[in-house]
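Okay, so here's the structure we're looking at.
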Amino acid sequence: MKLWKDSSQLVLLYRKILRMDWLLVLVVVALSGFGVAVVYSATYSEGGGLYRNAHLAQMAWLMGGLAVLLVLSLTDYRVWVRWSWVFFLVSLVLLVVVLKVGTVVNGARSWLRLGPVSLEPAELAKVSFILLLAWLFQRVKDRGLLMSLLVLALTALPVALVLKQPALGSASVFFPIGYAVCLVGGLKKRYLLLPPLSAASAGAYAFFGVYQRGWVIPGLKPYQLTRIRTFFDPNLDPLGAGWTINQSLIAIGSGGLWGKGFLHGEQNIYGFLPKKIAYNDFIFSVVGEEWGFVGASAVVVAECIILLLCLRAAWVSQDLAGSLIAAGIAGMFFGHMVVNIGMTIGLLPVTGIPLPFVSYGGTFLVICLGAIGLVQSVCVHGRPLR
């Protein structure tokens with residue numbers, strides 16, 4: 001009897017492994033491995049400075065993140081959905097704690113240091129937010145005003161706390177997450193029109209009000225308002241707030257078609273692109289300079305493939321919660337990708353936000369790989385196992 005039970009468990013495990021989206025795993029591992037190489041290049045000129053072992057740390061986090069990916073892939077995502085309220089409340093508590101005792105990095109109090117390990121609660125909040133929305137759409141049948149207000153209220157809680165750090169870029173990612181879940185969850189169309197209209201209005205206010213008339217936006221710090229103004233005209237402060245975006249554009253533009261070659265990016269090596277951000281928030285600038293248009297395009301294509309495979313998992317799943325989890329994770333990756341790449345090429349204001357699977361950051365990399373594990377769990381458990 002025991003032998004029969006063990007053999008049936010092995011068969012079940014084998015079926016789960018076959019259900020996994022191995023193309024998604026391959027693209028994620030390849031992009032993450034490339035990210036380790038770019039992190040090494042971005043910190044190369046330090047020659048023994050603070051960031052000299054960043055690539056080794058990134059590699060260690062990658063190995064740990066892949067283990068998390070595997071465990072989550074083989075665990076039914078419904079377990080996490082049932083506990084989503086607990087995860088969300090814990091993440092909110094951590095966001096409050098980080099405001100009191102967190103460590104300031106690049107002007108934002110976003111990090112909790114636990115001995116040798118640093119934790120960024122905002123990244124945990126994004127995943128718990130996705131799980132909670134999946135739970136909510138399963139429990140509440142309304143797809144009109146009530147659901148819109150519930151989603152808005154749940155979005156406002158983490159966004160308000162993250163803005164207090166202040167981390168505008170990270171806070172902005174909650175909106176594409178919520179929008180993706182609402183879109184796939186069947187929210188009525190008239191309510192789906194509100195976010196794009198609000199975004200267009202905010203953009204118009206930023207240009208005509210903040211840039212042209214010098215108005216302020218309640219809740220934003222002076223340096224954030226300066227970033228908005230220099231976004232529209234970097235030459236307003238070329239040696240101050242406009243320096244980073246100008247150097248980023250020079251780096252990407254000078255890379256040409258094929259790039260200058262690995263470890264040969266002058267903007268990075270000689271420190272014109274600030275070292276403290278080149279290996280995380282502005283990693284795409286390093287890619288553009290050293291790998292050129294071809295390399296930068298390959299990174300964008302890889303990110304888009306990951307998005308599409310997440311959406312395919314949402315489409316194939318026969319369970320609403322599974323579809324919403326995969327869609328929410330696609331929204332999270334989309335927000336990070338668009339804001340990060342957009343700011344490095346001058347299409348969006350500069351905000352501190354990493355590029356998935358490429359930028360340096362232990363918490364962020366593990367969270368991204370864990371999110372892929374949840375998508376894999378949807379692929380495995382979103383349909384009955386036969």
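Positions of Cβ are set from backbone N, Cα and C atoms, glycine also.
Some features that TrEMBL has for this protein:
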- 21-43: transmembrane segment (TRANSMEM)
- 55-74: transmembrane segment (TRANSMEM)
- 86-105: transmembrane segment (TRANSMEM)
- 117-137: transmembrane segment (TRANSMEM)
- 144-161: transmembrane segment (TRANSMEM)
- 167-184: transmembrane segment (TRANSMEM)
- 191-211: transmembrane segment (TRANSMEM)
- 291-311: transmembrane segment (TRANSMEM)
- 323-345: transmembrane segment (TRANSMEM)
- 357-380: transmembrane segment (TRANSMEM)
When counting Cβ pairs under 8 Å to the transmembrane segment (55-74), the leader among 86-105, 144-161, 167-184, 291-311, 357-380: 357-380
Feature contact check the transmembrane segment (323-345) with the transmembrane segment (21-43), CB under 8 Å, 3 or more pairs: no
Same-chain residues near the transmembrane segment (291-311), Cβ under 8 Å, at least 6 residues beyond its ends: 21, 23-24, 27-28, 30-31, 34, 252, 255-260, 262, 284, 326-327, 329-330, 333-334, 337, 341, 355-358, 372, 375
Intrachain neighbours beyond the transmembrane segment (117-137), with Cβ under 8 angstroms and 6 or more residues off its ends: 80-82, 84-85, 87-88, 90-92, 94-95, 97-98, 103, 110-111, 147, 150-151, 154-155, 158, 162, 165, 167, 170-171, 173-174, 177-178, 181, 185, 320-322, 324-325, 328-329, 332, 361-364, 367, 370-371, 374
Tertiary contacts of the transmembrane segment (357-380), as residues 6+ beyond its ends and Cβ separation under 8 Å: 16, 19-21, 24-25, 28, 31-32, 34-35, 38-39, 42, 54, 57-58, 61-62, 64-66, 68-77, 80, 117-120, 123-124, 126-127, 279-281, 283-284, 287, 299, 303, 306, 309-310, 313-314, 316-317, 319, 322-323, 325-326, 329, 332-333, 340
Residues of the parent chain within Cβ reach of the transmembrane segment (144-161), under 8 Å, 6 or more residues beyond its termini: 88, 91-92, 95-96, 99, 122, 125-126, 129, 132-133, 136-137, 171, 174-175, 178, 181-182, 185, 187-188, 191, 194
Same-chain residues near the transmembrane segment (323-345), Cβ under 8 Å, at least 6 residues beyond its ends: 77, 81, 126-127, 129-131, 133-134, 137, 169, 172-173, 175-181, 183-185, 245, 248-249, 252, 281-282, 284-285, 288, 300, 303, 306-307, 310-311, 313-315, 317, 351, 353-356, 359, 368, 371-372, 374-375, 378, 382
